[in-house]
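So the structure is just underneath, and the comments pick up after that.
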Amino acid sequence: MLIAVPLDDTNFSENLKKAKEKGADIVELRVDQFSDTSLNYVKEKLEEVHSQGLKTILTIRSPEEGGREVKNREELFEELSPLSDYTDIELSSRGLLVKLYNITKEAGKKLIISYHNFELTPPNWIIREVLREGYRYGGIPKIAVKANSYEDVARLLCISRQVEGEKILISMGDYGKISRLAGYVFGSVITYCSLEKAFAPGQIPLEEMVELRKKFYRL
């Protein structure tokens, strides 16, 4: 299980240093939260993360799934996906999916295909369909959904376990905190933690997750 820390560009160098010192494996660049989204600026941040020996997830979240509008979004994806270890694109952004799959495959990088629901955990058939669609497009499916009960958490993890392959599973909110650690047992390969601020409900602080990973998984 790899630990990712989402960062915007506020105090970027300082927070990057903290992320490395506290044990993060990956920095997720939340470009939709950047103050400057010009190509050269974002590229510099990507290169800065790599210079510290950490992997990167390039994320430019769409407004429909909790992000902000970035007018040069497609350009950034096309130019920077070959440089990032992972690129995160929403399943709903179908116009970009095939293009990004081809770009990342040619560059030897990985594509995360994400689905978000900030209100509830959807029915079982939707969970299965999202996973299968993610694999069909050649990526690692990521499901991040709001848990309104512990039953929601158990359902997401157990249903997802029935579909083979790498995946990322997140139950958001207080009920779902356990999924950020236990998801590994059910095939989840990356967990997201907070550094200075949480980018999603229920994120566990980085230092705490590093210790929990050592304690439970000896990783």
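Quick reminder: no glycine exception, Cβ is built from N, Cα and C everywhere.
Remember, predicted model here, so these are calculated numbers, not experimental data.
Swiss-Prot lists Glu28, Leu29, Arg30, Arg61, Gln203 as binding 3-dehydroquinate, and of Arg94, Arg180, Arg218 the one it places in that same site is Arg180. Proximity to His116 (active site, proton donor/acceptor), defined by a C-alpha to C-alpha distance within 10 angstroms, is shown by the following recorded positions from Glu28, Leu29, Lys142, Arg180, Gln203: Lys142. Within the same chain, the residues at least 6 positions away from Arg180 (3-dehydroquinate binding site) whose Cβ sits under 8 Å from its Cβ are Ile170, Thr191, Tyr192, Cys193, Gly202, Gln203, Ile204, Met209, listed in sequence order. When the alpha carbons of Lys142 (active site, schiff-base intermediate with substrate) and Leu29 (3-dehydroquinate binding site) are compared, the span between them is 16 angstrom. Fewest other C-beta atoms within 10 angstroms, among the recorded positions Glu28, Arg30, Lys142, are seen around Arg30. The Cβ of Arg61 (3-dehydroquinate binding site) lies under 8 Å from the Cβ of Arg30, Asp32, Gly67, Arg68, Asp88, Glu90, each of which sits 6+ residues away along the same chain. In this view, the densest Cβ surroundings among the recorded positions Leu29, His116, Gln203 belong to Leu29, judged by other Cβ atoms lying within 10 Å.
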